[in-house]
Amino acid sequence: MAKLRVGIVFGGKSAEHEVSLQSAKNIVDAIDKTRFDVVLLGIDKAGQWHVNDAENYLQNADDPAHIALRPSAISLAQVPGKHQHQLINAQNGQPLPTVDVIFPIVHGTLGEDGSLQGMLRVANLPFVGSDVLSSAACMDKDVAKRLLRDAGLNIAPFITLTRTNRHAFSFAEVESRLGLPLFVKPANQGSSVGVSKVANEAQYQQAVALAFEFDHKVVVEQGIKGREIECAVLGNDNPQASTCGEIVLNSEFYAYDTKYIDDNGAQVVVPAQIPSEVNDKIRAIAIQAYQTLGCAGMARVDVFLTADNEVVINEINTLPGFTNISMYPKLWQASGLGYTDLISRLIELALERHTANNALKTTM
């Protein structure tokens, strides 16, 4: 059987560019090369697409603080529709070999917010992960929280600020509604980019200003005192949940540097040391949240577990990290699904969903 050509899209014009490079490296290293040929489609920080050399595409590959995408001489253009070649060399207009499926691993803005997914749908390319709507909904913390709350799922109390109403609530009003500490977050960022923990008014004003540097909408939420538990979900119509893992912090909260730069910032415990009935409860909630937001392929569901075993959903990440310390592949490894098999299954799910989508009627 001929091998499938998998286009790994990574990098991106995003605050999480370097995280994406780390994830892409691990996927390239782990993918089953007896089944798949890899085509590296790197997006630089200016948003330009390139075809990268699979043998030499990263600088400082083993240094998360300085990892970078190597320049490529081949710029990429895309042709939408059912063409034999969906990708062409932008310099000379010559078609590039057909890509059978896309594995997007562009974290953050323009990568997991539905933008990239919409482009791939227009191009009629199968792709790993959630579709346009669910990607956008999960990326937007305000929208995701409203949908989860309306479905009867437990979330932290919150208020949403926009550039037009950011001064509608005084700090005293915010504190009265949500208490202290607070967390202030850009609505559409991941990896704790622009997130601040707030204990007083001065910190609050600084945190809101910082969050608005990254987004036009900001979520202010009640700080939940509890253990940080994560669960991986895999599947399309009948998703499965992994065992749970725990992030044990050695710092104030799970900030960007704690996640990706500081090796001593947090400890990942897999499986989480929680009673089996609590583990099963979180797994069931994770699947319910996944289905509520219309996810497909994969997502990581992050929750807080309070002292009385109340489960509070924090957020859902539709393109979880695949870095050396990322929880998603570790959770499936602990559940009996190895890294290589996980990647293969994600590609299979992408092809299954693409086939189902193309079977839908488009005419009356």
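Glycine too: its Cβ is placed from the backbone N, Cα and C atoms.
As given in Swiss-Prot:
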BINDING   175-230  ATP binding site
BINDING   Asp302, Glu315  Mg(2+) 1 binding site
BINDING   Glu315, Asn317  Mg(2+) 2 binding site
DOMAIN    145-348  domain 'ATP-grasp'
Taking the Cβ of Ser196 (ATP binding site) as reference, which residues of that chain separated by at least 6 in sequence fall under 8 Å from it?
Phe183, Val184, Gln203, Gln206, Ala207, Leu210, Ala211
Cβ atoms near Gln203 (ATP binding site) (within 10 Å, other residues, all chains):
17
Cβ-based isolation winner (fewest other Cβ atoms within 10 Å) among the binding-site residues Leu210, Ile224:
Leu210
Under DSSP, is Gln203 (ATP binding site) part of a helix or a strand, or is it coil?
helix
Considering Cα atoms only, can you say which of Glu175, Leu182, Gln189, Ile224 is the nearest neighbour of Asn317 (Mg(2+) 2 binding site) among these binding-site residues?
Gln189
Gln189 (ATP binding site) to Glu315 (Mg(2+) 1 binding site) - Cα separation in whole Å:
11
I need the CA-to-CA distance for Glu175 (ATP binding site) versus Glu315 (Mg(2+) 1 binding site), whole Å please.
22
Could you state the whole-number distance in Å separating the C-alpha atoms of Ile224 (ATP binding site) and Glu315 (Mg(2+) 1 binding site)?
13
Find, for the listed binding-site residues Glu175, Asp302, Glu315, the residue with the lowest Cβ contact count at a 10 Å cut-off, counting only other Cβ atoms.
Glu175
Report, in whole Å, the straight Cα-to-Cα distance of Glu315 (Mg(2+) 1 binding site) from Leu182 (ATP binding site).
16
Between Lys217 (ATP binding site) and Glu315 (Mg(2+) 1 binding site): CA-CA distance (Å):
16
For the domain 'ATP-grasp' (145-348), the mean pLDDT of the predicted model:
93
